[in-house]
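Structure, as structure tokens:
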């Protein structure tokens, strides 16, 4: 059953012994082996005890892939993230194709799939902020911004997304003269006032889960007149910045319409070829139906998503079930 948006399970296999104590249910026969090649940071955040414990109950075993040994000597795996193994073993489900993942490691190509989407019939409009890419020479930034017709303030983001904390750091440039202080390669996006709230839309296969995060505050004319220079921010959307329980203006806190999110997720899945990603969205302030996608991340921090262990293990099992149906 579902409680407060999370999935709850009651174990029907528990039995009592002669003393009336509850005995744990027998472990199921192992039926799904998932090989993984993750950074130590991702292993720590994703493979938490609550996930591995639930996975074992469902017959799922996570096995680390040893990069020092040929992959063909390891396994066998039912699901794995490895391009060569997927080519030689078509019976294995690969999550996700490395070529598709690479598309999201560059902020220039990351949002291309969103820019030309037409979702006007889905209770809202989705676009991307106007932006320009600077690959070198900070002295050229002002001319590039002028040619692109961008309006200050501008959000500066590293061009390459490599999973490091630095690749998620933001800077906000308030005036033209400070632009040369930025450090290319980077992307400059027009800042869109959005009530200081960001929506993180997690995608796991066909499942969509949305959470609110605090974001950069709105900028008004007074801010522009009284501020100059470049202000640097650490990663904005973090677990400590949850806005789900905050006392927010209902117009700001209202989640994007479900039909819009479903259509957006479906279209991005088709265009990107990915099943594990999240979308960072904002709603333009003082509008109800104008949304912007500002980032797309592959294999995000799912442990910050409520009920992630249930959602993810159900997703893994569904992959095997759908493969059996095709056979």
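Glycine is treated like the rest: Cβ placed from N, Cα and C.
Copied over from TrEMBL:
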REGION    1-24  region 'Disordered'
BINDING   42, 83, 168, 200, 297, 301  1D-myo-inositol 1,3,4-trisphosphate binding site
BINDING   107, 157, 189-200, 215  ATP binding site
DOMAIN    120-324  domain 'ATP-grasp'
BINDING   280, 295  Mg(2+) 1 binding site
BINDING   295, 297  Mg(2+) 2 binding site
Pairwise CA distance, residue 297 (1D-myo-inositol 1,3,4-trisphosphate binding site) versus residue 195 (ATP binding site), rounded so that it is a whole Å: 22
Closest of 42, 168, 280, 295, 301 to residue 197 (ATP binding site), Cα positions, binding-site residues only: 280
Rounded Cα-Cα span from residue 107 (ATP binding site) to residue 42 (1D-myo-inositol 1,3,4-trisphosphate binding site), Å: 21
Shortest C-alpha distance to residue 280 (Mg(2+) 1 binding site) - which of the binding-site residues 189, 200, 215, 301: 200
Chain-internal residues near residue 191 (ATP binding site), provided their CB is under 8 angstroms and they sit 6+ positions away: 129, 153, 154, 155, 172, 216, 219
Euclidean distance between Cα atoms of residue 295 (Mg(2+) 1 binding site) and residue 200 (1D-myo-inositol 1,3,4-trisphosphate binding site), Å: 10
Separation of alpha carbons, residue 295 (Mg(2+) 1 binding site) and residue 193 (ATP binding site) (Å): 16
Cβ atoms near residue 295 (Mg(2+) 1 binding site) (within 10 Å, other residues, all chains): 22
